[in-house]
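S.K.: Pasting in a structure now, in structure tokens, and then I'll have a few things to ask.
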Amino acid sequence: MTHGESKVLRVASLARVEGEGALHLRIHDGEVAEARLKIYEPPRFFEAFLRGRSSTEPPDITSRVCGICPVAYQMSACRALEDARDIVVGERLAALRRLLYCGEWIESQTLHIYFLHAPDFLGGDSIIDLARTHRTQVERGLALKQAGNAIVELLGGRAIHPVNARVGGFHRVPTRAELRPLEERLRRARDDAEATVRWVAGFDFPDTGIDNELLALAEPGTYAIDSGTPTAMTAPSSAGLPADTDRALPTRTFPLATFPDHVIETQVPHSTALHSRLDGRRHLTGTLARYAISGRWLPPDVLQVAGDAGLGDPRAGTVCRNPFRSIIIRAVEVLYAVGEALRLIDTYEPPPRPYVDVPDRAGTGHGATEAPRGLLYHRYTLDTDGTVTEAALVPPTAQNQAAIEQDLLHTVQERLRTGPHPTDAELTALCERVIRNHDPCISCSAHFLDLSVDRD
Amino acid sequence: MPALSDRRPQLGVWKFASCDGCQLTLLDCEDELLGIAEQVEITYFLEASSAPGPGPYDLSLVEGSVTTAEDTERIQHIRAASDRLVTIGACATAGGVQALRNYADVAEFQAAVYARPDYIDTLATSTPISAHVPVDFELRGCPIDRGQLIEVITAYLAGRTPDVPAHSVCFECKRRGTVCVTVAHGTPCLGPVTHAGCGALCPAYNRGCYGCFGPSNSTNFPSFIPLLRRDGMDTLDVVRVLRTYNTAAPEFDAAVRKELPG
């Protein structure tokens with residue numbers, strides 16, 4: 001490149017994430033002037049065509065936003081549509097929903113750990129490559145993922161776009177005997193999950209930290225998955241601390257019905273995903289946020305494994321803000337979800353009816369659950385006969401986009417300052433890793449990231 | 001250079017507008033994935049590999065529908081580089097749920113979702129791959145079925161036609177021994193007009209089929225729609241259920257047009 005000229009380079013494609021995006025880096029005098037994650041997946045207009053549909057339809061329709069986390073869409077939709085009619089399903093139905101969600105957590109988080117993320121730490125371009133060098137581990141990952149799929153298939157009919165969830169509960173609930181075959185598989189999965197935590201804890205992690213507010217649902221006493229109150233933890237800089245501080249900072253909560261007042265979406269020219277800010281500040285949802293906010297309520301045996309893996313003790317206020325280490329937390333969450341699934345199967349009592357009636361009436365309802373990659377919020381307004389008149393979906397990756405850009409800027413800057421001059425290929429590999437740390441579900445279109453670097 | 005017989009077939013997996021679910025079905029073949037990877041070289045599959053190969057490809061699996069001007073060109077390149085091209089899923093075979101825009105004012109859709117619709121580049125339609133290039137085989141489903149996907153891949157590897165029956169979901173219900181939800185409970189069910197492949201899941205979970213595999217090879221809507229009405233569906237309900245995941249499938253589309261007044 002000629003000095004003093006700016007030039008756009010297309011040097012790579014981002015693989016092993018969900019969705020279509022490009023990255024634009026502008027470097028001026030050795031400093032990163034701008035880092036943009038450009039999401040240009042073709043829009044699919046769910047919020048537009050949900051208008052006019054029946055209130056029974058959003059759980060099935062919105063699951064089609066994402067084949068990787070369809071249960072998250074179904075559960076957030078059900079909660080919002082029930083909220084619009086002031087209905088809360090009973091404990092037994094709620095337990096069954098949590099079991100279904102645990103299945104998705106196990107398979108989706110395992111997919112990310114083994115298929116998408118591990119090759120970054122071990123070399124190789126894919127799980128197929130890894131299978132040549134790490135056959136035992138890859139087979140363990142496949143078995144673990146299969147255990148998650150088995151739960152979703154049994155409760156939902158199939159692993160992708162399951163058919164059994166409905167507003168008010170399920171179309172059909174299983175007998176105790178039908179759930180029993182899952183137990184042996186999950187007991188093996190627990191060993192595999194524990195081995196996964198130990199395995200990924202041994203990877204090599206750069207020292208870094210992120211300076212964002214963290215947002216997750218919280219349900220004191222339990223690790224929030226399928227319900228809870230939005231809870232935000234202050235960013236380190238607001239408290240005058242460095243980005244990589246591992247201290248817990250003050251949290252605040254707000255009622256879910258006020259979510260649209262706190263998380264404000266705006267459109268930026270370079271993205272088909274809307275950007276959002278939490279009370280005007282950049283925030284991050286997902287694995288790091290959940291562990292910071294709910295980690296203290298993990299069962300002691302899971303906390304022990306997490307502590308041995310170097311994550312510290314969330315009960316003592318330790319917070320992990322290093323996104324490269326998110327793979328360890330993800331593995332801990334799989335271990336938790338396997339144990340939670342076993343507990344839910346062990347204590348399962350079939351509900352008296354597969355669903356509760358949800359009579360039509362006009363209203364607006366809010367629903368949020370923890371998709372594997374972060375808080376997923378749905379809002380629906382219904383008219384008196386149950387027709388959807390307005391729909392809003394706020395997925396985690398749209399919320400995380402600004403934080404991912406900040407993380408890119410920070411990491412590339414560090415690299416430019418500390419190491420030898422990087423090639424474009426090295427920069428691309430680094431940026432891809434930074435993006436994958438956040439397991440973005442850009443979902444919905446071709447997967448590639450063109451890195452363009454402007455140097456002037 | 002390896003002998004010709006040692007050369008493994010090159011597989012490409014491509015994505016257009018969609019949810020990723022049909023590609024994920026390939027990764028969900030946990031028991032078969034490593035075996036498949038021994039039989040074929042997965043040359044291009046960005047969801048799973050960061051080392052895309054340039055082709056040509058012996059078999060390309062295409063997910064998703066065409067919704068941007070750039071994609072109308074990209075599919076031409078993929079077709080030109082592929083010996084066989086198979087579409088996977090409802091988006092690639094029938095435009096997918098995003099084809100609901102085909103019946104609406106897409107500018108109004110854009111304005112409903114985006115404050116600055118002028119930033120958004122999209123076509124007014126979502127069309128199946130076959131509207132743009134010749135397709136060798138269409139695998140149906142939203143999402144596709146794992147077993148059928150493995151059958152398609154192995155069939156092309158063996159140089160034979162895939163054995164994927166095109167009869168209706170009703171056959172699968174009978175085979176599964178599921179009591180007919182329409183006959184026994186008066187539940188509206190699209191099974192009689194829907195392509196087999198899912199194993200008749202919905203009736204087994206006490207609900208009517210909602211048509212996610214699209215039309216079967218022989219549909220008889222003049223006889224079928226009165227059955228839906230008998231079981232309590234009005235015109236709007238009929239239109240909604242046919243206009244969802246396979247809305248642009250010609251058989252579903254024609255049936256809806258007959259229902260709509262004017």
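Glycine too: its Cβ is placed from the backbone N, Cα and C atoms.
Got these off TrEMBL a minute ago, pasting:
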BINDING   A:GLU47, A:LEU393, A:HIS447  Mg(2+) binding site
BINDING   A:CYS66, A:CYS69, A:CYS441  Ni(2+) binding site
BINDING   A:CYS69, A:CYS444  Fe cation binding site
S.K.: Quick one: of A:CYS66, A:CYS69, A:LEU393, which of the binding-site residues has the smallest count of other CB atoms within 10 A?
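M.R.: Sparsest of the binding-site residues A:CYS66, A:CYS69, A:LEU393 by Cβ contacts within 10 Å: A:LEU393.
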S.K.: Below 8 Å between Cβ atoms and chain B: which of A:GLU47, A:CYS66, A:CYS69, A:LEU393 make it? I'm asking about the binding-site residues.
M.R.: A:GLU47, A:CYS66
S.K.: Applying a 10 Å Cβ distance cut-off over all chains shown, what neighbour count does A:CYS441 (Ni(2+) binding site) have?
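M.R.: Around A:CYS441 (Ni(2+) binding site), other Cβ atoms within 10 Å: 30.
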S.K.: Can you give me the same-chain residues 6 or more apart in sequence from A:GLU47 (Mg(2+) binding site) with a CB-CB distance under 8 Å?
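M.R.: Result: A:ALA391, A:ALA392, A:LEU393.
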